[in-house]
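> Below is the structure I would like to discuss, written out as structure tokens.
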Amino acid sequence: MKFKIVSKGDERSNRIKATMKQYLIEFDLEYDRKEPDLVISVGGDGTLLEAFHRYVHRLDSTAFIGVHTGHLGFYADWVPDEVEKLIIEIAKTPFQVVEYPLLEVTIRSKTGGTEDRFLALNEATIKTADGSVVFDVEIKGEHFETFRGDGLCISTPSGSTAYNKALGGGIIHPSLDAIQLTEMASINNRVFRTIGSPLILPKHHTALLKPMVDRSFLIAIDHFTTNYVNVKSIQCRVAEERIRFARFRPFPFWNRVRDSFVAEEDD
Ligand code: NAD
């Protein structure tokens, strides 16, 4: 089996990376940056997001696993004290795979008919540095509302515990092929009206956001933000592609949610 380790880059993560790499090579696994079967992220959720985007072009043949060296590790199942155990588990392969849905975002430009397509593991957010965003929101080809406010967040089920949660969105189990639209400070009064509640869309129900005012938009795909001008539309839907996580032991989603947000930390 071919593997690659992506480290957060701090001293502790680099040390764990070096140890894992050395032992896994001794177990006859091959270190392959280009075509790994398994990508091990050592760091925090940001490191796993980074690893996901680095190998987003080969999701059907790469599985991911996280070791967390920071505070909260939602995507990272293993802690540094368990690294030896994990090395042995990996060396023993094959591993189980669980698949989670992803968000597909297509940004179409008014000029030249160009489009950019992205996959997000957590979410896409659309904001502006220039006042409010004003979008016509279409769902499944029908006008739903005109949104005015700070912005919109469109998240995956596994991203529903990230930015979406801070916006009052619901937590969705990743066995559901869905995306969630949450508002950021919508303007609601006698003139402007939005639904106000998070919307959960199933697979094949596309949300299309059409800017009504010519602005530049700050569009973030997970941890990476780009400034877009001349945006004709932003299309969001459940992607055909899925992320594959390598599981060497069960860690049910609701336990992960409880451990991250409800359970008190041991001293
Ligand atoms: P960061 O360093 O600002 O970390 C943000 C926090 O989000 C970290 O504590 C991280 O552990 C946590 N996180 C990331 N994915 C998560 C998930 N799926 N479930 C639960 N917690 C999760 O930025 P980063 O590490 O580069 O991560 C980028 C992510 O930060 C974005 O995808 C977005 O979801 C999140 N974010 C959250 C807010 C907010 O909650 N108000 C604001 C901006 C970005």
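Just so it is clear, glycine is given a Cβ too, placed from its N, Cα and C backbone atoms.
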> Considering the NAD(+) binding residues ASP45, GLY46, ASN122, GLU123, ARG148, ASP150 given in TrEMBL, which of ALA91, ALA185, ALA207, ALA220 is annotated for that site as well?
ALA185
> Just to be sure I understand the contacts, which recorded positions have a Cβ under 6 angstroms from any atom of ligand 1? Candidates are ASP45, GLY46, ASN122, ARG148, ASP150.
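What lies within reach of ligand 1, judged by Cβ under 6 Å, is ASP45, GLY46, ASN122.
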> Reported as an integer number of Å, what is the Cα distance between ALA185 (NAD(+) binding site) and ASP45 (active site, proton acceptor)?
26
> For ASP150 (NAD(+) binding site), write down the residues of its own chain that are at least 6 apart in sequence and whose Cβ falls under 8 Å from its Cβ; none is a fine answer.
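In sequence order, the residues whose Cβ lies under 8 Å from that of ASP150 (NAD(+) binding site) (at least 6 apart) are LYS127, SER132, VAL133, MET184, ALA185.
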> Rank the recorded positions ASP45, GLU123 by the number of other Cβ atoms within 10 Å of each Cβ and report the first-ranked residue.
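When each Cβ's neighbours within 10 Å are tallied, GLU123 tops the list.
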